[in-house]
Amino acid sequence: MDDNNSDWTSYDFGNDTIPSPNEISLSHIGTRHWITLVCYGIVFLLGVPGNALVVWVTGFRMPNSVNAQWFLNLAIADLLCCLSLPILMVPLAQDQHWPFGALACKLFSGIFYMMMYCSVLLLVVISLDRFLLVTKPVWCQNNRQPRQARILCFIIWILGLLGSSPYFAHMEIQHHSETKTVCTGSYSSLGHAWAITIIRSFLFFLLPFLIICISHWKVYHMTSSGRRQRDKSSRTLRVILALVLGFFLCWTPLHIVDLLILVSDQPSERFEVNLNLAHVLTLCLAYINSCLNPLLYVCLGRGFKENLISSLRSVLHFASEAPTHGPSMTTNSKSTTDGVFREKPV
């Protein structure tokens, strides 16, 4: 159960309620709590411009291609996820008090996890696509088209919506006092909470992680098998390690903490405070993955940095010239972005 602002550890089980870490004042956390807010702010400041830049380059400064569709949708999902941070930081700075009402509680929680799930699924699709480019090059040349990529991206958004449906359905506000309202998840039984946690961890973490690892390992193995390719194998290995470690390190702690929350039935007050802090910090790590994606999946791609610089120069050139020079700038810019994403694996 993931939520940085709402208490996903407080489930309504009829007459039995798991103690809520949010019922313990965050003033006990002190400096660490504000450090967490600073971390969230840094993620916002890095993730928003980074992903917005990728959206701009892939959506407006390069030709339509399969890779462009992958990275455009990935950047949109990560951008929307990062844009939600300021709203979700408000309760964190107010002792978990949710001031936005019941509808916003459901919408912000559900949409946030929808974006995260779409991001994970897109990483899987990118890995499988690179695997097919290496193992089935002829098939990809005949069947790999931007139209199919757009359809698959649409399906991914639908799957992300379905995966986040428990958050839309079970998030609600609870009044802890006259001045404090908490956005929390309410379930009918502990078994129900366990089922959702296990299914989510398998479908949106364990299975994607295995697919990403196997796909990239196969890509590395095949691209380094020939003598002419060995010079590039070390760079390929570095990129693959960055991709796999980035995904693993950003997502594993969150799922471990989620399981600890369910296992710890009646923890001590000190343990509850530490567990709540750990949950917030591991959510920050998951957010960091949204910052790393543009760097790992785009900036390490062939030709992206050169074409990004070229596009920025074109914009500056356009801004400094008269409007009559606009068409020539557009034509030149178009020609410089043809190689942003080559239809080959890294």
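Every residue, even glycine, has its Cβ placed from backbone N, Cα and C.
Features of the protein shown, as given by Swiss-Prot:
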type	residues	note
CARBOHYD	Asn4	N-linked glycosylation site
CARBOHYD	Asn15	N-linked glycosylation site
TRANSMEM	34-60	transmembrane segment
TOPO_DOM	61-65	topological domain 'Cytoplasmic'
TRANSMEM	66-89	transmembrane segment
DISULFID	Cys105-Cys183	disulfide bond
TRANSMEM	107-128	transmembrane segment
TOPO_DOM	129-149	topological domain 'Cytoplasmic'
TRANSMEM	150-170	transmembrane segment
TRANSMEM	195-220	transmembrane segment
TOPO_DOM	221-238	topological domain 'Cytoplasmic'
TRANSMEM	239-261	transmembrane segment
TRANSMEM	280-300	transmembrane segment
TOPO_DOM	301-346	topological domain 'Cytoplasmic'
REGION	323-346	region 'Disordered'
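Counting other CB atoms no more than 10 Å from each candidate's CB, the disulfide-bonded residues Cys105, Cys183 peak at Cys183. Against the transmembrane segment (280-300), stretch 34-60 shows more Cβ pairs under 8 Å than any other of 34-60, 66-89, 150-170, 195-220.
Residue counts of the topological domain 'Cytoplasmic' (129-149) by helix, strand and coil are 18 helix, 0 strand, 3 coil (DSSP-based). Look at Cys183 (disulfide bond): DSSP puts it in a strand. Each residue in the topological domain 'Cytoplasmic' (129-149) has a pLDDT score, and their mean in this model is 92.
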